[in-house]
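**Student:** Handing you a structure now.
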């Protein structure tokens with residue numbers, strides 16, 4: 001303990017009690033230091049149990065001054081008879097107060113260390129995001145021959161999650177198997193969580209299914225794991241399975257399930273989960289509320305999203321503000337985004353990197369170039385936020401969509417780090433719109449290096465060649481796609497009808513009612529021609545006859561989804577369609593005409609944004 005003398009000697013070191021009644025008073029009352037200064041004038045009255053109890057209260061209340069005072073008393077009284085337990089509790093107190101270095105000094109000064117000592121330090125480093133030190137301490141523990149426990153392994157597994165190291169994950173799994181700890185609930189939960197973070201969802205499921213005991217945290221981790229790996233339907237199925245087993249609800253499970261509903265755009269199930277949240281008493285939880293606000297926005301119900309946001313009152317945090325701003329940004333509502341941005345600052349919230357991502361995004365999708373430039377400048381000069389990958393990608397998008405391709409390229413060259421695929425992808429997409437073949441080839445070459453297995457980049461370049469009538473280059477590009485192992489992402493759209501999600505692919509033939517759908521689509525096309533719709537065959541870039549191009553355009557997944565929605569939904573009700581790719585020009589024109597002919601409100605969420613079609617117009621203002 002002599003290595004731990006961190007306090008100067010003073011007359012009255014701490015406000016400690018000498019009996020249980022005083023301890024209870026300390027726990028319940030907001031005591032001052034002077035109140036108990038004389039309690040331990042006689043060192044014979046001090047007991048280790050009293051000190052331990054006070055240190056535990058310090059840990060719970062985050063009172064580092066009292067913890068230091070106790071530390072000083074321990075040093076002066078040289079309480080070596082119980083040094084291990086006292087030191088362990090002292091380490092924990094400093095840990096809970098956020099003083100990592102002080103905890104380490106206590107640990108290093110211990111003459112003897114128990115398993116609890118090592119576990120406390122490893123857990124301390126893990127909680128404070130110093131994962132490398134946690135792993136180093138575990139190795140040191142193994143080197144000195146200390147046997148580990150389930151708590152050790154679970155803490156080390158959590159530390160590995162920061163780096164998502166698959167090899168370390170496998171090694172620790174083997175270690176837990178050898179020690180017969182793999183079925184322990186703490187180890188199993190930490191293990192499946194780590195596998196999920198490493199993208200090894202099958203291994204996570206294997207661990208989950210073989211666990212003999214599962215807590216609500218285990219279920220929550222597995223549901224969250226599915227969501228992290230974009231297995232949204234599996235997440236909902238697992239949640240339903242847990243409900244049948246009377247699974248205890250917690251904020252993490254509910255937020256993960258709501259997130260799954262958001263990404264599936266499953267509005268009906270999202271509303272059901274909203275009801276569950278109210279019944280469970282989590283409606284006032286800002287963390288859960290943010291997920292609900294995001295869900296309604298991503299399902300196209302922006303009005304409901306804003307109502308829930310407004311009901312929170314004065315307890316809004318920065319995450320909630322960012323969620324609602326992001327929601328309006330995705331729906332291309334720049335006026336509302338700017339108003340919310342001002343209100344957020346009036347509410348005392350300082351914008352962060354997420355806020356500016358949404359601001360720049362809405363500027364890009366609505367052609368607000370000057371506003372985008374202003375936000376990009378102000379984020380650093382006025383708010384001290386350094387631009388990251390997302391901000392540069394959005395700013396390239398702002399310039400590129402407005403046709404300022406040379407300026408966008410100069411911005412990319414000025415980036416202080418290596419431009420990522422998303423940044424070059426923004427430039428390539430803009431080159432397609434403005435048929436700039438020279439810059440398109442530059443961007444595509446970079447993308448081929450960064451994403452060699454992404455066929456979408458080859459397809460996009462091929463389309464730019466077609467738009468510029470470079471048919472020989474198209475042949476080479478498509479031959480490469482055929483001969484290589486890269487796979488093109490197939491266009492898919494889905495629509496929710498009566499609690500069931502119906503998925504359509506390009507040229508769909510597997511749906512049980514596909515014949516009816518095609519007949520309905522044919523009749524719809526005839527009707528839409530009366531409203532001025534004409535297939536935009538110039539955007540169908542296959543080198544085939546015009547009639548064949550029209551047939552190919554009619555096979556697009558969002559058209560099939562719309563026809564099915566009109567067949568099944570009540571007359572006059574809104575149609576909500578989700579798509580995994582960007583909506584094409586022809587489908588955009590088709591939806592505009594359909595909204596006018598059917599007198600329906602049509603909402604399409606593509607990979608980039610929302611399109612609200614009504615009376616022959618789209619909310620994007622033809623800028624997407």
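Quick reminder: no glycine exception, Cβ is built from N, Cα and C everywhere.
Straight out of TrEMBL:
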type: DOMAIN; residues: 532-624; note: domain 'DYW'
type: REPEAT; residues: 114-148; note: repeat 'PPR'
type: REPEAT; residues: 215-249; note: repeat 'PPR'
type: REPEAT; residues: 317-351; note: repeat 'PPR'
type: REPEAT; residues: 352-387; note: repeat 'PPR'
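Quick one: how deep are these features, and who are their neighbours?
**Tutor:** Sorting the domain 'DYW' (532-624) by DSSP state (H, G, I as helix; E, B as strand; all else coil) yields 37 helix, 16 strand, 40 coil.
Here the repeat 'PPR' (114-148) has long-range neighbours at 84, 87-88, 91-92, 95, 98, 100, 103-104, 107, 155-156, 158-163, 168, 179, meaning same-chain residues at least 6 beyond its ends whose C-beta is under 8 angstroms from one of its own.
This prediction places the mean pLDDT of the repeat 'PPR' (215-249) at 93.
Beyond the ends of the repeat 'PPR' (317-351), by six or more residues, the same chain brings 286-287, 289-290, 293-294, 296-298, 300, 302, 305-306, 309, 357-359, 361-363, 365-366, 368, 371, 379, 383, 385, 609-610, 612, 619-621, 624 to within a C-beta distance below 8 angstroms of the stretch.
Long-range neighbours of the repeat 'PPR' (352-387) within the same chain, counting only residues 6 or more positions beyond its ends whose Cβ lies under 8 Å from a Cβ of the stretch, are 318, 321-322, 325-326, 328-330, 332-334, 337, 341, 344, 394-395, 397-399, 401-402, 404, 608-609, 620-621, 623-624.
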